[in-house]
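Here is what TrEMBL records for this protein:
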type: TRANSMEM; residues: 62-79; note: transmembrane segment
type: TRANSMEM; residues: 91-109; note: transmembrane segment
type: TRANSMEM; residues: 121-142; note: transmembrane segment
type: TRANSMEM; residues: 154-176; note: transmembrane segment
type: COMPBIAS; residues: 251-262; note: compositional bias 'Basic residues'
type: REGION; residues: 251-275; note: region 'Disordered'
type: DOMAIN; residues: 315-595; note: domain 'ABC transmembrane type-1'
type: TRANSMEM; residues: 348-368; note: transmembrane segment
type: TRANSMEM; residues: 452-472; note: transmembrane segment
type: TRANSMEM; residues: 535-558; note: transmembrane segment
type: TRANSMEM; residues: 578-598; note: transmembrane segment
type: DOMAIN; residues: 627-851; note: domain 'ABC transporter'
type: DOMAIN; residues: 970-1256; note: domain 'ABC transmembrane type-1'
type: TRANSMEM; residues: 1014-1039; note: transmembrane segment
type: TRANSMEM; residues: 1091-1108; note: transmembrane segment
type: TRANSMEM; residues: 1114-1135; note: transmembrane segment
type: TRANSMEM; residues: 1199-1221; note: transmembrane segment
type: DOMAIN; residues: 1292-1526; note: domain 'ABC transporter'
Amino acid sequence: WPEKSLNPINPEADLPLCFEQTVLVWIPLGFLWLLAPWQLLRVYRSRKKKSSITKWYLAKQVLVGLLFILAAIELVLALTEDSGQATTPPVKYTNPILYLGTWLLVLLIQYSRQWCVQKNSWFLSIFWILSICCDTFQFQTLIRALLKDSSSNLAYSCLFFISYGFQILILILSTFSEKNDLSSNPSSTASFLSNLTFSWFDSIVLKGYKKPLTFEDVWEVDEEIKTKSVVSRFEVFMASQLQKARRAFQKRRQKSQRKTGAKPRGLDKNQSQSQDVLVLEETKKKKKSKTTEDFPKSWLIKALFKTFYTVILKSFILKLVHDISLFLNPQLLKLLIAFGSDYESYVWIGYVYTICLFVVSLLQSLCLQSYFQLCFMLGMSVRTTVMASVYKKALTLSHLNRRQYTIGETVNLMSVDAQKLMDVTNFFHLLWSTVLQIVLSIFFLWRELGPSVLAGVGVMVLLIPVNGIFATKNRNIQFKNMKYKDKRLKVMNEILSGMKILKYFAWEPSFKDQVNSIRKKELKNLLNFGQLQTLTVFFLQLTPILVSVTTFSVYVLVDSNNVLDAEKAFTSITLFNILRFPLTMLPMVISSVLQATVSVSRLEKYLGGDDLDTSAIRRVSNFDKAVQFSEASFTWDRDVEATIQDVNLDIMPGQLVAIVGTVGSGKSSLISAMLGEMENVHGHITIKGTMAYVPQQSWIQNGTIKDNILFGSKLNEKRYQEVIEACALLPDLEILPGGDLTEIGEKGINLSGGQKQRISLARAVYQDSDIYILDDPLSAVDAHVGKHIFNKVLGPHGLLNDKTRLLVTHSIHFLPQVDEIVVLGNGTVMEKGSYSTLLAKKGVFAKNLKTFIRHSSSEGEAMVNDGVEEDDDDCGLVPSIEELPEDAASLTMRRENSLHRTMSRRSRPGSRHLKSLKNSLKIRNGNALKEEKEPVKGQKLIEKEFMESGKVKFSIYMKYLQAMGWSSIIFIIFFYVMNSVAFIGSNLWLSAWTRDSVIYNATDYPPSQRDLRIGVYGGLGVAQGISVFVLAATIWSVYGCNYASKILHKQLLISVLHAPMRFFDTTPTGRIVNRFAGDISTVDETLPQSLRSWLMCFLGIISTLVMICMATPIFVIVIIPLGIIYVAIQVFYVATSRQLRRLDSVTRSPIYSHFSETVTGLPVIHAFEHQQRFIKYNEMAIDNNQKCLFSWIISNRWLAIRLEFVGNLIVFCSSLLMVIYKTTLTGDTIGFVLSNALNITQTLNWLVRMTSETETNIVAVERINEYINVETEAPWVTDKRPPTDWPSKGEIQFSNYQVRYRPELDLVLKGITCNVKSTEKVGVVGRTGAGKSSLTNCLFRILESAGGQIIIDGVDIASIGLHDLREKLTIIPQDPVLFSGSLRMNLDPFNKYSDEEIWKALELAHLKSFVAGLQLGLSHEVTEAGENLSIGQRQLLCLGRALLRKSKILVLDEATAAVDLETDQLIQQTIRSEFSHCTVITIAHRLHTIMDSDKIMVLDNGNIVEYGSPEELLEKSGPFYFMAKEAGIDNLNNTAL
């Protein structure tokens, strides 16, 4: 080791040659030989098929071959040179020999990579980098030797230079990725370096910059992270862990039973078995058992850990390396400051330090980004696992367990809880990492400043509880806010569901005030939240400043020998900056881990629940009966008496069996038992063959009609046409704009009940099954359609005549045609036999039949639809509306009147008609391929949600800022700028303070000077922190943003309430609610925060750059290119990231909507045994979302690594400039510049994050703005007001009136002309879709005219304001819609009437006794949609509304299915007596209700075909005569009920 080697006192840097030729050669070779065997073994184990040879591969092999030849030549030279000299060093032989072996090994490794997807081995790349780095030393030594003495060792040097060049070439080659036939995803084939820097992602970023990305542009994810493979890996561990947990659970239970000596509860005979009681019991039990609930615990985390332990381990190592290298920065900074202060030191030392600083920063960046990448991928896989497992579990969960969850809760498990777990997996390493960082920081600080560090750390620790207090306060405020938000959304949901009623009654202002009053409280709360946030931010800002002020002051004051010099001050500041991060993160990480544990236990409870036990349902292939019940008893709940008791029943193959019985006799339960949905008590059911099932409440998926009918089967055109024809769907398909390719909205919203029922039936009929279980499929269809379906499908001559059919029915007139009738009562079979046998028996059946016939009208609608009450016994199966998630609220929007009518115009079946239609359908299917490209107008009912693409327009930012107010904005910016000025000031002052240590030695440091320094530093620090400035700015911005929120919400609400009805028909409620929920809360909470952060980051960067330039003005030259690179990266990234974000949210909603669809349709899926198909679909949906999420994660890493590189370059350049201009600078300046430059990387990163986050969040303003500018209906009140007593007579004149639903559709009313005289009673009749309901909509101007006019008492209704018109008319709608609130509010939302008037109206509406009997009377709370009143009572309340109004014109849209006969008669009677002085227009569905009117209007296809008194019309044999005949009315006397 010669004297003049690497030595600080030596002006030249160099290492001794022997060291370079031994140790530096062995380092890379040792690395390669150690890892090679393990690598080769791995390749051998995981080999795929060999891929074709590429040019890259050939080039690399050739270059390594050349290296081998060079090594051989060197060996030969060494041997021949040995000419008797005794001193030839052994290195001359050993190195070439080592190299020969190494190059052979490299050739072998590169050859073996042919079997891998990823051709470039990561460890070869590391070997090349190491080798080149180590050879660099020898390279410069040899060059120096040659410069001194040109002839020395020339041959050896030349060989070395050539091989050095080849190695660099190979390294360059190995950065290129080689494509592979096996994988389309470039991430799997990317080379090691490309993977480190994510440069394989460049192509997508470029594409995203040129044009907005679409779903097709995004790459698929790798097979091993696809849902299927992840879940199958997880399920193995889940099974074993769950078993252990269950054993532990059993032990716990036995222990607790031993303690209490409890016996299992017996079945209590006295409890009623009605489902309602069950549901109530459930809720009570739920409340009680909250404390004692037990289930298999703490297995989920273990199972997840075992599934993903490799990733967790890798990320652990990366994080550890990063954390340790983080502390090298302050040490290097210290050395650099020492170098700057020491004028004697050689320049090369500075360069070495600078390069080290750069390399360390680079290592940190690479480790950190790879670590994040692994963690986010892990988070994504965890989310995928949880989502897919919850979905699978939902399909097999037992009924008892399923009943504990509403659909909303189950969807929450999938969305919210999975998301929480994902968020925690991203950060759970911080639990140990933050602790490590805190310990290391304090250790290094102690070395710098000794015990006075404790003062600073003490301040930090003291501030933690303060932050804790803020956090809990914050949580309380947010909790309150959630309550307000829920309340506001509940009201919004109701407004949107009952929009039609609000418009009919002109009630919008009342509800607007309701929403606004809630919103006011919410905003006040938000203001408090904002103020707290401000304080929190302020403390965060203050912490580092307070800490450095206290520490330095204590350090200087404790001992007069302590002088603060540059090394100490700036190293400490850097360490304090490092310490700041873990201290703020630790409490956050802990709280989010705690939140996640709640989610984990919820998921454990759900996934650990019992599965359906279908052991009692035996499937056999050879058996003489189709279905056999043997002593079968089934129950919905173990604690209650069995619902189905000891049923013995044989059903023969090919039989049509009707199941009848009164409400609640267990008909639907019997069917559920067959489907395996109930708990078995004893006995069993044997079933031979496959089953198809038509539920009572039809379940329709979101998709085309064709998809719904095919239900995953192959299309057989002939069979398909037969089924459509038999199920009476042809007329509907003709009316629907897209035929069978018409898209059905969520829950079948754009179909009428009858259409849904028939599609549901068609789905079952198309599946060629052996046994058909039909739960009252004829309840929702009109009588003549029911007949058609019975004859064509179910009856003895129908499509299914050779199948076994079980039909639950209430339509008695089909009973004579069935093979066998089973009469149920109280869950047992009372009697069974054919129709004639049962009548002869004179048992229960015959008795019931008599009462049925007595009640039924001559139209043969037996016992008007007790189908409605039949729902009650399904309570357990079909969730009630309250339980559905918010999007599902659209279920309540039965927009029968407007939409369904247009959709379901069922034309009169004429044979000519059907033929032509069949042909047209055939032709249409032939052209289906062309058809799909350009959908028919109106085929898409629900418009695809408008997804903005490209940059958010500047006008949107302006709109938001305008809402804040310009004066506020100027003030806010001014204060933030002042803050930055204070920041620069305090840094300059610190630098001046440390200069004192050079001027005064410790002995003669004047205390006055010392106190001045401390005072001013503290003052500047406090000014910057308390910064009067930051506080002022933040508080001001809180008020500004709050005001902006208020204005935006106000505008949004007003414009939605003013939107015409067709807007609500074509927009799903969920989407409108989303604007009021998600988007408004973004504007309330997230947007202001991201704007503030953006401003702070931006000014922080500017001030750092200003400081560097003040020290070394030449730095400006460096800033310009770096700035350009930075902005370019940002522009590229933001375009791509924004679109990926949108794709992520667009692909996420199908997962949830498909899930809630599945949960509602479970019985159907089980019956058809389509579980696997649904699981597959769910996996596909999750994968689609995964690939967008994956790309989004990568795009973030792609950005971060490039930005950090820019940041590292800034540090590198500034430290390089410090070394170059060393002579003009002092140590304190170096410290001051570099300690700030080291901070810049993080801030740069944040700035781009904030920019893109602000863009993402401003999208909310864009979406709100889209609905603010929605088209509005006519003004509510115009200048022309009608007289106050208008209409006094109630005469209505239609003159050539025309109307259409939406601009692109045909006319619905095609020019109607007629006069209705004062106080006339007019009945309007016509087939479904003839335009009856459109007529009422025109009177209320729900639809505006397309021509002609309506004149009421001499006023053209189009000339006055909508509210003036609507307040003067009254309607009793078909569907009684109530709102949550008091009964009084439902009758009189504006408080116009006195209590006496209201009670009078209630008396006339036959509700007085009911309301008087309620505890709260008129203040009785009505639940959402009036769930706590029966349908009859709701209808009577609507009648009460009409009675209060006392207007001259009443429109009655007759309630069909809703009301039992009794209520119907009450309503008719009241209307006859109370509205005798009014003009009444009745839209009739049952003819006998309008036979006593003065005039009858017969509509068909939008025209009046007949108009006159009933007597006149019955004498002519026109359309009315035939309708009457069909209904069994031949003269006026036959209409008695």
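Just so you know, glycine gets a Cβ as well, placed from its N, Cα and C.
The model shown is predicted, which means the values in this text are computed figures rather than measured ones.
With respect to Cβ pairs under 8 Å, the domain 'ABC transporter' (627-851) is most closely packed against 970-1256, considering the stretches 315-595, 970-1256, 1292-1526. Ranked by Cβ pairs under 8 Å to the transmembrane segment (1114-1135), the stretches 121-142, 154-176, 535-558, 1091-1108, 1199-1221 are led by 1199-1221.
Sequence-distant contacts of the transmembrane segment (348-368) (same chain, six or more residues past either end, CB-CB distance under 8 Å): 8, 11-13, 196, 318-319, 321-322, 325-326, 328-329, 332-333, 335-336, 339-340, 1200-1201, 1204-1205, 1207-1208, 1211-1212, 1215-1216, 1218-1219, 1222, 1241.
Beyond the ends of the transmembrane segment (578-598), by six or more residues, the same chain brings 326-327, 330, 420-421, 423-424, 427-428, 430-431, 433-435, 437-438, 441-442, 445, 460, 464, 467-468, 471, 540, 543-544 to within a C-beta distance below 8 angstroms of the stretch. Summarised by DSSP class, the composition of the compositional bias 'Basic residues' (251-262) is 10 helix, 0 strand, 2 coil.
Averaged across the domain 'ABC transporter' (627-851), the predicted model reaches a pLDDT of 86.
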